[in-house]
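Taken straight from Swiss-Prot:
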TOPO_DOM  1-54  topological domain 'Cytoplasmic'
TRANSMEM  55-75  transmembrane segment
TOPO_DOM  76-237  topological domain 'Extracellular'
DISULFID  Cys106-Cys117  disulfide bond
DOMAIN    112-227  domain 'C-type lectin'
CARBOHYD  Asn114  N-linked glycosylation site
CARBOHYD  Asn129  N-linked glycosylation site
DISULFID  Cys134-Cys226  disulfide bond
BINDING   Glu196, Asn198, Glu203, Asn214, Asp215  Ca(2+) binding site
DISULFID  Cys205-Cys218  disulfide bond
Amino acid sequence: MSDSMESKTQQVVIPEDEECLMSGTRYSDISSRLQTKFGIKSLAEYTKQSRNPLVLQLLSFLFLAGLLLIILILVSKVPSSEVQNKIYQELMQLKAEVHDGLCQPCARDWTFFNGSCYFFSKSQRNWHNSTTACQELGAQLVIIETDEEQTFLQQTSKARGPTWMGLSDMHNEATWHWVDGSPLSPSFTRYWNRGEPNNVGDEDCAEFSGDGWNDLSCDKLLFWICKKVSTSSCTTK
């Protein structure tokens, strides 16, 4: 084969549409130089062949570095144990508040205090009718069992006005009993107002009056308080 024929065989023909400028050098010139020096027909092929182990290692390093950065960012957003405990306490407090708001230990118009429900009347009746009204509500005219309860009821009644309690001596003068038949505890006699009970005018029923107790005619019309034990599980958390 002649030298001219061999030269034509080795010559690479590059289409005109591949001729473009890259950093001031024509694409065709670069392709020709690659073909002459390395026997590569195009720049794309050169790019593929340039993927040596060093390049792959560099790419792997960059990938791992990026992954580590993402992990660090995610870990930094996780709350510390102290913050988690604070969040837990706030959630428990919120739960308790929601529980209290949704769970009612007493029926509507009744007031809860120390495990019992109290109904404070808005109307006035005599002592006997007040006792009957409480029974119709499934309760009793209030029986006082503790000093805390006495303080609570006395303060509430003082703001409302004279109020009946479930205490009388109608069956035996000067011997006071509650509506359930139990006797008045001697420790509670200190709650009588000074000079009371005096039984003036056949006063056989007890009322909350001012800062203490007073005996009064059972026919008088007063407010009244009913009491019953709360049976709701809401009373305990």
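Including glycine, each Cβ sits where the backbone N, Cα and C put it.
Sequence features annotated in Swiss-Prot and their locations in the structure.
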residue: Cys106; record: disulfide bond; Cβ neighbours (10 Å): 19
residue: Asn114; record: N-linked glycosylation site; Cβ neighbours (10 Å): 11
residue: Cys117; record: disulfide bond; Cβ neighbours (10 Å): 24
residue: Asn129; record: N-linked glycosylation site; Cβ neighbours (10 Å): 16
residue: Glu196; record: Ca(2+) binding site; Cβ neighbours (10 Å): 18
residue: Asn198; record: Ca(2+) binding site; Cβ neighbours (10 Å): 11
residue: Glu203; record: Ca(2+) binding site; Cβ neighbours (10 Å): 19
residue: Cys205; record: disulfide bond; Cβ neighbours (10 Å): 27
residue: Asn214; record: Ca(2+) binding site; Cβ neighbours (10 Å): 18
residue: Asp215; record: Ca(2+) binding site; Cβ neighbours (10 Å): 25
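Annotation note: Asn129 (N-linked glycosylation site) sits in a helical segment as assigned by DSSP.
Cα spacing between Glu196 (Ca(2+) binding site) and Asn129 (N-linked glycosylation site): 24 Å, rounded to the nearest whole number. Each residue in the domain 'C-type lectin' (112-227) gets a DSSP state, and the totals come to 30 helix, 36 strand, 50 coil.
Cα proximity to Cys218 (disulfide bond) (within 10 Å) is found for the following recorded positions from Cys106, Cys134, Asn198, Glu203, Cys226: Glu203. Cys226 (disulfide bond) and Asn198 (Ca(2+) binding site) have their C-alpha atoms 26 Å apart, to the nearest angstrom.
Looking only at Cα atoms, Cys134 (disulfide bond) sits nearest to Cys117 among the recorded positions Cys117, Glu203, Asp215. Rounded to a whole value, the Cα-Cα separation of Cys117 (disulfide bond) and Asn129 (N-linked glycosylation site) is 20 Å.
Asn198 (Ca(2+) binding site) sits 37 Å from Cys106 (disulfide bond), taking the CA atoms of both as reference points. Cys205 (disulfide bond) is 5 Å away from Asp215 (Ca(2+) binding site) when you measure Cα to Cα. The Cα atom of Cys205 (disulfide bond) lies nearest to that of Asn214, taking the recorded positions Cys106, Asn114, Asn129, Asn214 as the candidates. Here the topological domain 'Extracellular' (76-237) has a mean pLDDT of 90 out of 100. Neighbouring residues of the recorded Ca(2+) site, listed in sequence order and excluding Glu196, Asn198, Glu203, Asn214, Asp215, comprise Trp192, Asn193, Gly195, Pro197, Asn199, Val200, Ala206, Trp213, Leu216 (Cβ within 8 Å of the Cβ centroid).
Residue pair Asn214 (Ca(2+) binding site) / Asn129 (N-linked glycosylation site) shows a Cα separation of 19 Å.
Separating the Cα atoms of Cys106 (disulfide bond) and Asn114 (N-linked glycosylation site) is a whole-number distance of 12 Å.
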